[in-house]
Amino acid sequence: MSDRLFIFDTTLRDGEQVPGCQLNTVEKIQVAKALEQLGVDVIEAGFPVSSPGDFKSVVEISKAVTWPTICALTRAVEKDIDVAAEALRFAKRGRIHTGIGTSDSHIKYKFNSTREEIIERAIAATKYAKKYVEDVEFYCEDAGRTDNEYLARVVEAVIKAGATVVNIPDTTGYCLPDEYGAKIKYLMEHVDGVHNAILSTHCHNDLGMATANTVQGVLNGARQVEVTINGIGERAGNTSLEEVAMVFKSHKERDIITNITTNKIYSTSRMVSSLMNMPVQPNKAIVGRNAFAHSSGIHQDGVLKNAQTYEIIDPKDVGIDDNAIVLTARSGRAALKHRLHVLGVDLEQEKLDKVYDEFLKLADRKKDINDDDVLMLVGKDRTATHRIKLEYLQVTSGVGVQSVASICLNLSGVRRYEAAAGNGPVDAGIKAVKKAISNSDMTIQEFLIQAINKGSDDTGKVHMQVEYNGATYYGFSANTDIIAASVEAFVDAINKFIVD
């Protein structure tokens, strides 16, 4: 029988501590609802005593969310616990997360206390929280640097006092995976009554070990993991939810299951990235833009024959439509043939060989090759079959002036002229296009601008991800005018789903 692993998401508490990533209450509720749909078991909604904003967020999230447990953080201080309990009064399932530092450095320098006094405070805080809620989690701050024998005494004491979950944080990201795993194993073997509670991991990524430490913790007995979307968090971040979920989905032989609906991972990642204005690293595992992109010719050939040759995860399992074959100078004939086929062009081998020679010459000059380049090599225009074409664009913008865009779209031979004001020239152009096609239901999920070369007069390329009717479409354009490139990319994406 598989072991159930509980997912405790702290994106809205620990994750939001990243400078510049603060959310308002409405945005926090939006994230909380997405986490509920994703299938997390516990949402740490905030630290109520820290600010009126955090208090309000915990209250409103408690009202808005139905299934996950809503957790509020406190110190081992009665006032903190009182405020947390008040904030959780509307929660269908509430949890108070209280605790104190247990490492010698915390005991001596932070609390000017002794080991015995810390245990007494830990017991008192746990019992006090139990007056309000049945579900009490206790954290042993800096457990990663706490010696195992003393840590076991603390854990045993708070479990006897009524803690239902005990959190073993590697607060500073100091532990190596074997050390952290051994720590959890020691507690499982030496704490009397350990099976009356759940041990939880909470790992930071200061040395890049957060996910590895978390996995080792689980393999040694922890059954709750504290994680964030995209691994965001203080300093170098926290354990990534998507990484842990996919580790155990991929390694079914471990018989550890979560409640995560994995095909919602990518959309949740992008939503959090957008709301927090924190881009996802392109090579980030699971959710990075390049996570399922292949540019090596050998890899491309293998993936085209069978994706399992170089992919251990089906992109659809995390909510990505397909892998990406990126054309570069390292790409082989198989990749070029595949891209041409996708674009509706099938060539005989002799013709393909000639086109491939020209492709290599072009690829040596350009960083990567887009669809326009590929079609140019075979004498075709990608936009020739587009139902919608941008024929004219003029934008006025400046300091102290509202941006206004005027456009002419050719819709299957019929010209439509429109103008719109917006928050900047790109927004104005997008709004004008939406007016011209009488459709404003599509939303931009991702908007990436890159310089192809150096210098202010060189070409910029725009990649745009557009969502419409629950499906995702991609648009691309390159132009020395970055505003024009942005609007062209939007029109390119629209042409993928607009039909007669």
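In case you wondered, yes, glycine gets a Cβ from its N, Cα and C as well.
Annotation comment: Swiss-Prot describes 5-266 as domain 'Pyruvate carboxyltransferase'. The feature Mn(2+) binding site is assigned by Swiss-Prot to Asp14, His202, His204, Asn238. The region 'Regulatory domain' annotation in Swiss-Prot covers 389-500, and the record cites sequence analysis as its basis.
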Note = DSSP composition of the region 'Regulatory domain' (389-500), residue counts helix/strand/coil, works out to 25 helix, 57 strand, 30 coil
Query = Which residues, in sequence order, are found in the same chain with Cβ within 8 Å of the centroid defined by the Cβ atoms of Asp14, His202, His204, Asn238 at the Mn(2+) site, excluding those residues themselves?
reply = Thr10, Pro169, Thr171, Cys203, Asn205, Ala210, Glu226, Val227, Thr228, Gly233, Glu234, Gly237, Thr239
Remark   = The correct three-state DSSP answer for Asp14 (Mn(2+) binding site) is coil
Task = Averaged across the domain 'Pyruvate carboxyltransferase' (5-266), what pLDDT does the model get? Just tell me the whole number, please.
result = 96
Ask   = So for Asp14 (Mn(2+) binding site), how many other CB atoms are inside 10 Å of its CB?
value = 23
Ask   = Helix, strand or coil: which one is Asn238 (Mn(2+) binding site) in, per DSSP?
value = strand
Remark   = The sparsest Cβ environment within 10 Å, among the binding-site residues His202, His204, is found at His204
Remark   = Asn238 (Mn(2+) binding site), Cβ-centred 10 Å count of other Cβ atoms over all protein chains shown, is 31
